[in-house]
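Colleague: Before anything else, here's the structure in question.
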Amino acid sequence: SQANFEEDSQKQPAVGHWKPLMPSKGSKEEPETGCQDAGGVDETQSTEQLNVSRLRSSSVEIREKGSEFLKEELHKAQKELKLKDKECERLSKVREQLEQELEELTASLFEEAHKMVREANTKQAASEKQLREARGKIDMLQAEVTALKTLVITSTPSSPNRELHPQLQSPSKAVFRKGHGRNKSTSSAMVSAASQNVTPEPVSHECKEVDSILFAEFQAWRESPTLDKSCSFLDRIYREDVGPCLDFTKQELSELVRVAVEQNTLTIEPVASQTLPVIKVSAEECGGPKKCALSGLPRTCKHRIMLGDSGNYYYISPSCRARITAVCNFFTYIRYIQQGLVRQDVELMYWEVMRLRREMSLAKLGFYPSEM
């Protein structure tokens, strides 16, 4: 730029060169004109040199300031670049940390999902097994109910079913059940009935007459059968038969026996079965083979009872066993009626109840078969 400026200044005409407007008339004036032209040229050259030097100094200053400004901008840019590098490094670490956490979370989720699937499969297999077992139990119970209905329906006072009442069989064919037997549902009738080998007189040879009061009470109970002893039918039987039959010398134990019979949790087993595994090691055996726990009298005890699942055994004499068995037979039959298993005429059911009441009365009076 300086060189161009110098070239332009050299090309320009000299400042202060005056052309005469009209020709001079005398020679005296020409020298003055020449002097003036020479002085003007010198002044113009000095001014041009001054201007050039000023331009040069100003261009140097501009160049120095520009270089300082550029250096400052470069320094700032370098600082910003370092900050950007640090920020990029920090963000890169954050990204790596997030990727690692995401991988761990994904792995834990997959592991938890597999664990849940395994647990679900295990529970499903257990449920299916329980369902199969439940269906098997239902089939078994249905078969038992069908068999019970067949036995009960085919048993009447005039023509009793000998399978349901083994005491009607001949002594040579009568088979007593040994082992642990609980007086519940089917077992109560079989265990209790098998203990009585008295062959009663045929019902057809007896003269019978229905008592109107007892029959009316039974009919009212039959319409809505219940085991609540507050009804007139059961209240009478409790007062006249069940209460006296289960009234033993040991009052406290007698009350426990009555409650167990009502709740269907009484177990009777032969003394010979004591060689079998005992339910509880610390089971208390009241009485003994030579002493009855209910009467407190010295008697030969062939059976013992257990109340519920207490594990306490009580030896009982044949007479006490006959009384307990007679009451269990009565409760078994009325439970059949309540459950709808007896499909007979009301009068036939009434006479069966009267027969069971007669057994309780005879047992209370001390009549029992010698086989007990």
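Here, residue 1 is simply the first one shown, and the rest follow in order.
In case you wondered, yes, glycine gets a Cβ from its N, Cα and C as well.
According to TrEMBL, the record shows the following:
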COILED    67-151  coiled coil
COMPBIAS  43-56  compositional bias 'Polar residues'
COMPBIAS  184-197  compositional bias 'Polar residues'
DOMAIN    59-149  domain 'GDP/GTP exchange factor Sec2 N-terminal'
REGION    1-56  region 'Disordered'
REGION    176-197  region 'Disordered'
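Show me how these features fit into the structure around them.
Modeller: In terms of DSSP helix, strand and coil, the domain 'GDP/GTP exchange factor Sec2 N-terminal' (59-149) has 91 helix, 0 strand, 0 coil.
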Colleague: Which value does the mean pLDDT take for the domain 'GDP/GTP exchange factor Sec2 N-terminal' (59-149) in this predicted structure?
Modeller: 89
